[in-house]
Amino acid sequence: MSQDPMDFEWSYWVEWGRERILWLLAGHLLVSQMSRLLVEKYKPWCLMVYGMAACWLLLGIKGFAVILLHAAISFAVAQFQLSLLTWLCSLILLATLRIPAVEEAKRKWYDTENEYYLLLFTVSVRCLFCTSFSLEYCWHAPTQKSSHSFPWMLAYVFYYPTFHNGPLVNFDEFSKQMRRQEAFSVKTNLSILIVGIIRIFFWWCLAELMIHLMYIHALYSSALPLESASYWALGGLALAQVLFFYVKYLVLYGVPGLLLQMDGLKPPALPCCVSLMHSFTKMWRSFDVGLHRFLVRYIYVPMGGSQSSLLGTLLSTALTFAFVSYWHGGQSYLWYWGALNWLGVIVENGTKRILSISLIQDLI
């Protein structure tokens, strides 16, 4: 039975996973467990070297050089310890990914379009990791200098389980957990691995069934069936699409999340089922937890967040969604998507504030 070919993201990562990425993740697991067993103290550096080697193997020396250059530039700018300058640097580095001449030059490095896209996706995610490290560097105390060095930045940026597609782990959480030395139990880790593999295999089978039987994305790509469908059918299609998106990210974040656990780190919680959500705010808090923590820690709270005036809250929320839209590509439909999400969050929070007034509560 043929599958629905219209979901690019699923087809893309499954193809790369089968070809190379799963094998490289298995290699990371082996290196990680051996280093935890034999040289726990040097585990971050063993994993850093492995991540660099995996990057070189998949993206070539030029792709590796691009990521290393991004990290070096970010670290150099962070030396000024100015958050605004760090953000300006991050946005400029992101902007370079969309310069047509630069795109064409990078495409020529590879034989296939898929290889170029792998570099593009990887560098986009690495930009967030570089931003996290650089902002933590700006905020760190002089006594924390050893844990905010350039080698620690490389260990963070080249950590392989989160390398190509996330999930996002902020540097403060990563360094704290990576430096923590715990008792290592082969038996406990083996049971975590077996249970994790069974769960991920179940989710993958479910996603494949949806791709082969439901053809949600193929229906969305054609205007004719959508125009003839009833509103109930359109609502069902929309629900089916977001449910597939949820199952897809259980797999895409479940695999690296399992490896994070095996490395003794606490991964961000996996996405919450979209059928259990009824608000924009909950969706943003509990679907991509790693991205939410990044946005709150580095944009929303520094801009004032909910502790500022009404105008300040509106501005900090708007800047948060503007960054999300820009990071995802900055196309016009993404700005509309970001604006609608911003509006949904503002309406919800405004309604909560109104309902919290004692007079309104008495009326209710």
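Every residue gets a Cβ built from N, Cα and C, even glycine.
Keep in mind that what you see is a predicted model, and the values were worked out from it rather than measured.
According to TrEMBL:
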- 20-39: transmembrane segment (TRANSMEM)
- 46-69: transmembrane segment (TRANSMEM)
- 75-95: transmembrane segment (TRANSMEM)
- 116-135: transmembrane segment (TRANSMEM)
- 150-169: transmembrane segment (TRANSMEM)
- 190-211: transmembrane segment (TRANSMEM)
- 231-252: transmembrane segment (TRANSMEM)
- 310-328: transmembrane segment (TRANSMEM)
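Here the listed stretches are 75-95, 150-169, 190-211, 231-252, and the one with the most C-beta pairs under 8 angstroms to the transmembrane segment (46-69) is 150-169. Listed by sequence, the residues of this chain that lie at least six past the ends of the transmembrane segment (190-211) yet keep a Cβ under 8 A from its Cβ atoms are 3-4, 7, 10, 29, 240, 243-244, 247-248, 250-251, 254-255, 258, 261-262. Counting residues 6+ beyond its ends, the transmembrane segment (310-328) has Cβ neighbours under 8 Å at 91, 94, 124, 127-128, 291, 295, 299-300, 303-304, 334-335, 337-339, 341-342, 345-346, 349 in the same chain. Same-chain residues lying 6+ beyond the ends of the transmembrane segment (116-135) with a Cβ under 8 Å from its Cβ atoms: 12, 16, 55, 58-59, 63, 66-67, 70-71, 74-75, 77-78, 83, 86-87, 89-90, 93-94, 97, 106-107, 109-110, 148, 152-153, 156-157, 162-166, 168, 170-171, 294, 298, 327.
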